């Protein structure tokens, strides 16, 4: 079944990354932090970094002796030194105490179980806690009960107003005999509703919050009604209601009130008991009491028990209202009721002297869906062999209930239910909701399902191949009734012999039903749905339409969402509906469901027959993961913070008589991610040229926010703000604008915003890497080229703890320095996580995904997935069971790992597009130059002048066939010098590539110079080996000398240059 998309959270010690969905949560790479390049130790001794660290430590120890030296130099006594030392030690101890307290608080909030165990271990109690210590999933909510108690009188006022002003007029209008109906007393009492426990389901869709409330009400409510015309008085005095209420906060939006709507429903029918008064006292007679409570419970279930939901929109114009009120089912459960054994004998004769048998039948229930089996007369070991299909709406939550009864003329006797001592068996298999990917029957899952269903023997109905959901919205311009009055329209929908009927909408020719209906389909290609619109008062026809379901097989997403013209109706009469079909398929072959009869008392429930279909069967092991439909559909938003102009001067002197400038910097915020630019000193027209990247989902209400400040010693001054709706960026894909700053007198900001949707094709990866190297700025981290999406489904056969206790595993995933952690699955060797994570990948050829399954810090298994494997697969995805290393022999994890290449071509600068159109960038990857016979190797370089940014840009792509002057493979990097100056301002260098003769850099280096100055300079590129300062090997591997005055810098293209010896003349 479909599962939710979750965004992970980072630990406090890690880099702040995005929230996701639900979503939805979005992860991203911290672009604002500088990359730390570690050259690593050389083979010959200490590296330069280690030597500098040793010198720094030695210098710090010398500084510690400085106060002693100064005290002696000043002639102070030793007491001053000791006093200073005591003050320092006291300060140090207090600081360490605060740090320990903060760390303990973070550990307790992050993982209470681990914190308690660590405390117990520190107290000498060992790692295992006593049996009476537990961590319940259901939490008490006394604070919520106190709020309800305080607000209960006001809730009573609301109910009185609702019943008198809304309910009573509706009752009086529903029947002419009830025109004098009134509520004479409404008192909700003093005992409020209580919430006995709250359970929050984690790991669900990141775009929703799922709560289960254990509701209990035993109140002294009193409601009296009267129908004066018939002198009839009745009422209720006291009521009990107990059940599990699910509350879904969905969708989550990026604006107040954060939650778009509130959906409430009971997963199972609650228990109800009512104390009647007045004429309704007759309902307390035995027999009538249970009947009346059942009828009222049925009416409650009709709008508040699954599949019915109560939707409370919290924002206006909620477009998803129909889908939230009646969402697509999560799946279908096929229940095979096989047989029962050793039932009790309930039919006794001659006051029990003669023992007879029973006439058993079964009631199978999932929520409000109920099926009753046939009665097997006089049999204590009945065999039914019947199959039922139930729609599943909520996972987790819904349960399968089976009860057995003995059929009698008066009142049926109870024989047992699931979990009782009576023996009975059922089998059930879960069918996933699929989607036909191809309209051709022989190429679609529908054809396979139909063929499989032919081999299944099913009673009383054949197995279904698909499910149809009809969203009935509204109708327009229906004809009037024969009397000329406006009708009370209802709709009847029929497929074969199954008919559903909508509610009636009174006195209108343009009714709005906003309802949903579900049908099982055996052969969708040959079935049709018949819609009849009728007048409820006279059952007169107002129009009809027939839709052949074969139309859906050729429609996008198997969905028709449109107006349908009504036949036998007015010329403009039409009805709006949305029809959605989903194919039901099994990811494993169907098992045989024929129950073999056996002798009484010999029912085999051993492990060897566990998969025949007993109620304790485990579902078949899936072969592929089942992520949410939105998995891998996130987009990368690339934010170019370019420049600003006409900012306000905040640094004024002498009381404002002398006006200075400002030291501006920018704060950028999107999807929970925050970035901060560098400070530009004393400039009202600053140029930043910084780039940030964020992974986003299409959550309504999100905005890209910019705030500018003037950096000051005390408090930074506000320089203005602006916002860009994310929806606009996602729709236009590229924005390049000057945006005026708000809340200030002057100033505007120059921005470029790109939306980079992932593409599951490696054909454009090399071109994306090339483009990123050209677009890359010197002050931003290396840009990402792909989006890695990981869906962790489940694991199996994880190793047990000491003492054969099951672990509480979680998953830790990391790429480079970005890591995430899944939720903890409590005490199981076969955990199910159902969580998704996203990473921004810079170079998929060399990076890898590292995964560890842990239990309280202990590693249960690990896995490394080189991303280069994904580049070789179709669709850039792997979806199967992975064998865990450092784990048990059969320990595996099921997950889906997929890459999406960020397509940047639509939003490239004009200069780069011209290079692509001229063939430079494309040809450089499709046909490499012929290899040169240069003994030192070659350097691939692009040099061009960016007229918009007024910069000379050199892109160092790669080297090949470098010469090694020693036995060790070098650690090469490239150093560039802009001659004739040899100062630090004209020198640039790339990062170091470890132990390779064919390094790839794809790094952009730049100099801010006017074009006239550039044309009088020369550029030298040295390929060097990164060695320690104590090494003798300091000679460059080779160099390239370029005369910029002889180059066309406006038509730059990548080119291979032969390396020359450093001693050779230019």
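Here the Cβ of each residue, glycine as well, is placed from N, Cα and C on the backbone.
Since this is a predicted model, take the numbers as computed values, not measurements.
As stated in TrEMBL, the feature transmembrane segment covers range 247-267 out of the listed 247-267, 268-288, 289-309, 310-330. TrEMBL assigns the feature transmembrane segment to residues 70-91, out of the candidate ranges 48-69, 70-91, 92-113.
Listed by sequence, the residues of this chain that lie at least six past the ends of the transmembrane segment (70-91) yet keep a Cβ under 8 A from its Cβ atoms amount to none. Stretch with the largest number of CB pairs closer than 8 A to the domain 'C2' (617-739), among 137-315, 448-568, 935-1057: 137-315. Helix first, then strand, then coil: DSSP counts for the domain 'C2' (935-1057) stand at 13 helix, 56 strand, 54 coil.
Taken residue by residue, the domain 'C2' (617-739) breaks down under DSSP into 7 helix, 59 strand, 57 coil.
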